[in-house]
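Colleague: Below: one structure in structure tokens.
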């Protein structure tokens, strides 16, 4: 990577002149203890941001070639003496090796950038442990949520925050200044007791995705089992036909659109429930139940998983004619028609049904793609709130309606065919219609002027049963106060 790229800030430099909370950098000398990947990336970023960097290593001659030429690589004791702010870029188990430097570290600011291998692995955080080893130093926790790659990627990496905590306000301000000059956004997380939570952040694996993923897997297993019974087990028991070959492609391809369709409806169902609660209580200030709050917060992830299943369904559908079983079935059908001397097997109704079914499905997938793209932060940040709301709410609801049409054209008149009810079980698509149709019906009801206006008033602050004070002139000309209900 060129120095020009590294010199570009991650975020636009905010002028710090006139900001009393952030002191000027003024070419500060910063120390780095360690020679690993993170230490090298950190030293490179500091140098390109205009800092004088002194790297402390146990083997400076061997490690000097790994750092920028502008950085001074020397022994740890010498590096500590030349600066007041030192980044400790070593693992927790190596903190004890720094105890020999206790005398020269007195009064220094130590920035702990370490992480653990497991969440809540120890009772105390690494930063608290470092502070206990060096009580004469001021320890600041920070930069642990930033990776070595992020430090090197420069302006090509987007909004990156540096979480900072310490018991010393002045030390936090100093580290915040360094983070800002490097192009990051410092975030004050409070006192040192927050260090444990900050150290857990990089170890969490998609925390916002756990519930949506389990929901999608649960729906997939339910629909897969249901389709397996109808498509594989039923013909084996009733007709002694082996249909196991359908499991990898056909059964999965029948299951994916069901999951996608239901997941898409679950994106808009919590909004319907929230509107019902607001209408029932006549206020927007009453808290929703915790389960509804969680549901509302996971709508983005649920929608993206819906798009993922729909995309897989499209790919699986394109692969259906490529299967060997499909070719055998075509040949078998052709032979039967030849034996029966059927010259014209064209069924106008079936042709139109499939044409409409595929066309509507393509449109639905296109709208889902648009919803998924606008969910990306880089795209969402380029839209104003009205544009984002139009895409996610209006176009999303249209996508749900078109997906419903896609499902209905697939079913066509099959719902009234008794041969489709295997083991007296209705076709799968009829089950998937329950939740989406409920959402669509509720949306139509909420669009009625009488209900829409009342809901709009509630969301603008109107409350049922709220009393408003007013003032009336008395018979003597003096003013007297009274009360009336705002919903009269």
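Cβ coordinates are placed from backbone N, Cα and C, and glycine is handled just like the others.
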Colleague: What range among 356-376, 461-481 does TrEMBL describe as transmembrane segment?
Modeller: 356-376
Colleague: With CB pairs under 8 Å as the measure, which of the listed stretches 211-229, 302-323, 356-376, 388-409, 429-451 comes out on top against the transmembrane segment (261-281)?
Modeller: 429-451
Colleague: Which residues of the same chain, at least 6 past either end of the transmembrane segment (211-229), have a Cβ under 8 Å from a Cβ in it?
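Modeller: Those are 247, 251-252, 254-256, 258-259, 262-263, 266, 294, 298, 301-302, 305, 309, 422-423, 425, 428, 431, in sequence order.
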Colleague: Using a Cβ cut-off under 8 Å, which residues of the same chain at least 6 positions beyond either end of the transmembrane segment (429-451) come close to it?
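Modeller: Result: 226, 257-258, 261-262, 264-266, 268-269, 272, 275-276, 279, 397, 400-401, 403-404, 407-408, 410-411, 415.
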Colleague: How about long-range neighbours of the transmembrane segment (356-376): same chain, 6 or more residues beyond its ends, C-beta under 8 Å?
Modeller: 260, 264, 300, 303-304, 306-307, 310-311, 314, 383, 388, 391-392, 395-396, 398-399, 402-403, 405-406, 409-410
Colleague: Mind checking how the domain 'Ferric oxidoreductase' (259-401) divides into helix, strand and coil residues in DSSP?
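Modeller: For that range the per-state counts are 119 helix, 0 strand, 24 coil.
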Colleague: Return the average pLDDT for the domain 'Pyrroline-5-carboxylate reductase catalytic N-terminal' (29-116) as a whole number.
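Modeller: Mean pLDDT, the domain 'Pyrroline-5-carboxylate reductase catalytic N-terminal' (29-116): 93.
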